[in-house]
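Database features (TrEMBL):
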| type | residues | note |
| --- | --- | --- |
| BINDING | CYS257, CYS324, CYS325 | Zn(2+) binding site |
| DOMAIN | 25-339 | domain 'Hcy-binding' |
Amino acid sequence: MGLEGDGKERNMKEMIEKCGGKERNMKEMIEKCGGYAIIDGGFATELERHGADLKDPLWSAKCLITSPHLVRRVHLDYLEAGANIIITASYQATIQGFEAKGLSREEGEGLLRRSVKLAVEARDIYYERCTKDQSYSKRPILVAASVGSYGAYLADGSEYRGDYGYAVTVETLKDFHRERVKILADSGADLIAFETIPNLLEAKAYAEVLEEECIEIPAWFSFSCKDESNVVSGDSILDCASIADSSTQIVAVGVNCTAPRFIHGLISSIKKVTSKPVLVYPNSGETYIAESSRWVKSSGVAEDDFVSYIGKWRDAGASIFGGCCRTTPNTIRGITQAIYQKPL
């Protein structure tokens with residue numbers, strides 16, 4: 001028993017040291033970018049702007065099947081706008097969702113890998129342009145494999161409410177996400193982006209899957225919030241961010257798909273419970289109506305107004321910035337200029 005215990009302790013120590021290195025690497029990457037890093041912006045709305053029809057339960061993941069060239073193009077648009085981190089089109093891509101469309105498990109796994117491959121190809125194309133055209137800015141670029149919530153798979157808007165009902169437990173969510181996380185972690189991505197997390201339950205499930213599967217690449221947690229203190233389910237952002245802080249595999253924690261007016265207070269709350277880098281990529285402030293699959297103006301902000309918040313968020317302690325739903329390459333270009341005080 002003693003020897004077995006010693007072995008477990010050594011393995012845990014090795015994991016902590018390895019994951020501690022990941023967090024240092026993330027901070028070093030941010031420093032190499034100039035002290036701040038830029039995430040890309042809204043993906044599905046950009047696909048639609050390029051002509052994609054996303055009226056489908058697979059949403060943006062549909063384009064992995066029908067129009068991968070558009071996925072690559074949107075990635076490139078954001079790279080040209082200044083992004084250091086591009087997020088894959090796998091937010092709504094799940095094996096279960098692909099099987100519901102009549103695809104085999106193997107085909108679904110292949111599409112998950114394709115989401116990363118397209119982002120890597122876009123980065124390669126961008127770097128090739130840098131060698132041929134001095135007007136292009138060569139900089140560190142990471143590919144983040146997106147993992148959307150269980151609610152995103154349900155396609156009923158529940159990722160904006162965080163209410164899955166009493167039948168859904170941590171074990172339910174772990175079983176749902178496990179294979180997708182393993183595939184994406186082994187697909188060539190630089191990190192995993194757990195996005196639009198709507199409740200404490202799913203954060204716990206993600207953290208346990210990462211630990212149980214000994215996922216080697218780093219990850220971030222990003223929560224969707226309804227005000228300055230709570231995620232959309234009503235769970236405290238302090239409790240949710242604490243889950244991220246306690247996970248050795250998580251290298252950054254923050255907020256996405258949240259109205260800009262709440263971000264400053266949320267950064268302050270997150271900083272109370274973690275010293276990990278804080279990332280923010282809010283939406284435009286509009287509200288998504290699941291029943292009609294449309295966005296309606298509530299407290300929406302224009303792109304110029306959105307960008308005007310950046311200095312306040314930076315001063316509050318955030319170091320990674322981007323946009324979510326309904327933001328565009330112009331938004332990201334504006335954020336880049338605001339952060340670095342120079343045009344691209």
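Cβ atoms are placed via backbone N, Cα and C, with glycine included.
Here the features listed in TrEMBL are placed on the structure.
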| residue | record | CB count, 10 Å |
| --- | --- | --- |
| CYS257 | Zn(2+) binding site | 24 |
| CYS324 | Zn(2+) binding site | 26 |
| CYS325 | Zn(2+) binding site | 20 |
Mean per-residue pLDDT in the domain 'Hcy-binding' (25-339) works out to 91
